[in-house]
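Visitor: Quick one: the structure is below, and I'll ask about it shortly.
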């Protein structure tokens, strides 16, 4: 047998229930084996077929020959003073991504911020990840692997009363809807009772506005939706979020209305609005935002800008952030200020740069500009 004829083992970590059932049927096994193995992987954190004691020895041996459970490798783990935890993970081809676990409510709520791509192609002007350029999409195994790593770090069996990860937000590195074919299977695993058993309200996808894929998502899953808006007029949003030149605000919000109409329960849209000093933090910006959302059931998350080298932007003062929030309250809107978490370990929103091995021209120019300024 030559190396060319060796069949790679199937990584079971990223398989949905349907895919896992098909895999076992292809081996001549019953479909129920899929649920057994999924529970070992996602409930028990098991990566060793020999430990799966409710499978026959013959099946375990066969699985060792034909399959594997391969998650990302932890390169770095850090814990912030506020309890936020960040992992730098090595995925296939030696690329690095980051995932962040944010505790709240006395530790009862743990929200995992998950990456969908190595780097990001959107180049939003206020986001440090975008300045690193784009390398590739993550596979479904690499996406769900972030949940697997975070859950395993607690070393406890997972069930409905003991979930190390209670919420997932697809708000890490990358634009999830530009990696649709891998993000959707990963989210299905988050929702599956044989996976992580999260409710649709506890899984949130954040998008900058890839409208065709947003319409497609509404036909497949009705997870919670967040939109990275950051401006209430096209002129400013074109500057902050270049994708707006392709799908403008009106087109995006119409897609959001269609999405909410497909949800099987009453759901609100989350609007993400990064506050940047003297750019979008004045009273007329708040009034413009309120008018824009007048007929859309929504809540607003205000995110004070997190500075990074050569961004050209500044963080507004705390007083200005509070004023902006009050203006929205006075206009009848629920507006929450997202507390900066994990900034002492570069885990705060917008700081997910990581040690991404990216060779794009934009990344090279960014590095060169830093070096020139340092000279």
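Heads up, the Cβ atoms here are built off N, Cα and C, so glycines get one too.
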Visitor: Looking at Swiss-Prot, which one out of 151, 153, 206 binds S-adenosyl-L-methionine in the same site as 174, 175, 228, 229, 230, 306?
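Guide: Looking at 151, 153, 206, the one Swiss-Prot places in the S-adenosyl-L-methionine site next to 174, 175, 228, 229, 230, 306 is 206.
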Visitor: Using Cα-Cα distances with a 10 Å cut-off, which of the recorded positions 98, 113, 124, 127 are near residue 175 (S-adenosyl-L-methionine binding site)?
Guide: none
Visitor: Go through the recorded positions 98, 113, 174, 228, 229, 230 and tell me which ones have a CA within 10 A of the CA of residue 127 ([4Fe-4S] cluster binding site).
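Guide: So the list reads none.
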Visitor: Do me a favour and check the Cα-Cα span between residue 113 (disulfide bond) and residue 98 (active site, proton acceptor); whole Å is fine.
Guide: 9
Visitor: With an 8 Å cut-off on Cβ-Cβ distance and a minimum sequence separation of at least 6, pull the same-chain contacts of residue 229 (S-adenosyl-L-methionine binding site), or say none.
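Guide: Those within reach of residue 229 (S-adenosyl-L-methionine binding site), by Cβ under 8 Å and sequence separation of 6 or more, are 237, 249, 271, 272, 273, 289.
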Visitor: My understanding is the cutoff is Cβ-Cβ under 8 Å with a sequence separation of 6 or more in the same chain; which residues meet that for residue 206 (S-adenosyl-L-methionine binding site)?
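Guide: Correct list: 169, 170, 171, 176, 226, 227, 228, 270, 272.
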Visitor: Rank aside, I only need the closest one: which of the recorded positions 98, 120, 124 has its C-alpha nearest to that of residue 230 (S-adenosyl-L-methionine binding site)?
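Guide: Going through 98, 120, 124 one by one, the Cα closest to that of residue 230 (S-adenosyl-L-methionine binding site) is 124.
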Visitor: Please report the Cα separation of residue 306 (S-adenosyl-L-methionine binding site) and residue 120 ([4Fe-4S] cluster binding site) in Å, rounded to an integer.
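Guide: So the Cα of residue 120 ([4Fe-4S] cluster binding site) lies 17 Å away from that of residue 306 (S-adenosyl-L-methionine binding site).
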